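Feature list (source: Swiss-Prot):
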- 20-197: region 'N-domain' (REGION)
- Cys105-Cys137: disulfide bond (DISULFID)
- 191-255: region '4 X approximate repeats' (REGION)
- 191-202: repeat '1-1' (REPEAT)
- 198-308: region 'P-domain' (REGION)
- 207-257: region 'Disordered' (REGION)
- 207-251: compositional bias 'Basic and acidic residues' (COMPBIAS)
- 227-238: repeat '1-3' (REPEAT)
- 244-255: repeat '1-4' (REPEAT)
- 259-297: region '3 X approximate repeats' (REGION)
- 309-398: region 'C-domain' (REGION)
- 334-398: region 'Disordered' (REGION)
- 337-372: compositional bias 'Basic and acidic residues' (COMPBIAS)
- 373-387: compositional bias 'Acidic residues' (COMPBIAS)
Amino acid sequence: MKAVVLVVVSLLALSSINCDVFFEEKFPDDSWESNWVYSEHPGKEFGKFKLTAGKFFSDPEDDKGLKTSEDARFYALSRKFKPFSNEGKPLVVQFTVKHEQDIDCGGGYLKVFDCKLEQKDMHGETPYEIMFGPDICGPGTKKVHVIFSYKGKNHLIKKDIRCKDDVYTHLYTLIVKPDNTYEVLIDNEKVESGDLEADWDFLPNKKIKDPEAKKPEDWDDKPTIPDPEDKKPEDWDKPEHIPDPDATKPEDWDDEMDGEWEPPMIDNPDYKGVWAPKQIDNPAYKGPWVHPEIDNPEYTPDSNLYKRDEICAVGLDLWQVKSGTIFDDFLITDDPAAAKERGEVIKKRQEGEKKMKSEQDEAEREKEKAEKPDDEEDDEDLDDETGDAAPVEEHDEL
């Protein structure tokens with residue numbers, strides 16, 4: 001058994017050695033302040049980040065990350081690293097988000113930039129390569145953004161991916177592969193995958209409707225027609241309303257003063273509505289006409305949709321109404337297995353967070369109970385003694 005364990009450990013170590021880690025940040029100490037750059041873009045009041053493990057955690061040191069600290073603020077913070085291209089290999093972007101403030105409206109996503117990023121001028125309109133991560137605003141928006149820049153235009157994924165909306169740490173992973181496929185994982189579990197060309201509007205449609213094709217004039221696409229043999233019954237036509245036969249003229253009605261009395265109108269019980277002949281199958285029905293398609297002359301395949309020619313920066317460029325989100329464990333690599341291995345610790349972190357928060361909640365309940373005024377407790381005791389409960393209804397036995 002020990003030999004098997006050693007082999008597994010050796011294989012994982014070999015995987016880690018062979019993979020390229022282009023960027024990794026775990027915020028172990030205050031050194032982040034010299035590595036990350038705040039934007040000074042004019043006209044925006046940017047919020048500040050603080051290094052903290054938050055109010056509940058698994059490890060007070062290992063769980064430290066950057067926390068948004070000011071409500072109703074834009075945030076713009078970035079870091080550059082050695083540039084690289086993912087040509088011919090996978091691209092993995094991974095990080096954790098902890099909305100411990102129970103966020104109501106705000107972003108939790110990461111942007112990936114090329115080297116043209118001017119860090120001190122970064123803002124919402126700054127071009128980026130990739131935008132990935134959760135975004136929450138009210139009950140209607142709880143989604144994972146996956147946006148790629150292609151030929152100068154940002155393209156949003158056509159699928160809806162739901163993000164986590166609780167108060168614990170969650171791991172978000174984007175994997176882009178050289179075969180133009182992708183995967184999105186949350187907490188190391190695949191939540192979406194597919195083909196880049198199919199799930200984004202990078203390219204024009206392969207096929208278009210033939211502009212020369214026209215539906216034939218004699219094409220009958222009505223599945224049913226009125227029955228030509230059906231005839232309206234002779235007694236069909238009845239008025240919709242009739243005078244109320246039970247109504248009588250009031251005794252004090254004066255025809256000279258009030259005019260000629262007329263009984264009020266009521267719905268006619270014999271009224272059958274507008275007659276229409278019954279429908280029968282159309283013998284000339286040819287089915288719905290399908291517009292024929294042709295190859296789109298504007299379509300050109302691109303085998304390099306996955307490729308980013310240059311990546312050299314990441315940034316947190318977002319808005320939050322209620323601050324308190326903690327970002328941590330940034331990783332950009334070419335090895336999905338190595339990223340998954342690093343992500344396994346997040347499950348243990350969640351367990352520790354839930355345990356501490358549960359203890360905190362219980363302590364808060366005990367504190368509130370202890371701080372209750374004595375007269376409230378006396379009233380509760382009196383209620384218990386007098387049996388002040390809802391009356392029980394008596395029922396006859398069957």
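Numbering starts at 1 and runs along the chain as displayed.
For all residues, glycine too, the Cβ spot is worked out from N, Cα and C.
Worth saying up front: this structure is predicted, and the values here are computed from it rather than measured.
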Confidence summary for the region '3 X approximate repeats' (259-297), mean pLDDT rounded: 94
CB contacts for Cys137 (disulfide bond) [other CB atoms within 10 A, all chains]: 15
Helix-strand-coil residue split for the repeat '1-4' (244-255), DSSP-based: 1 helix, 0 strand, 11 coil
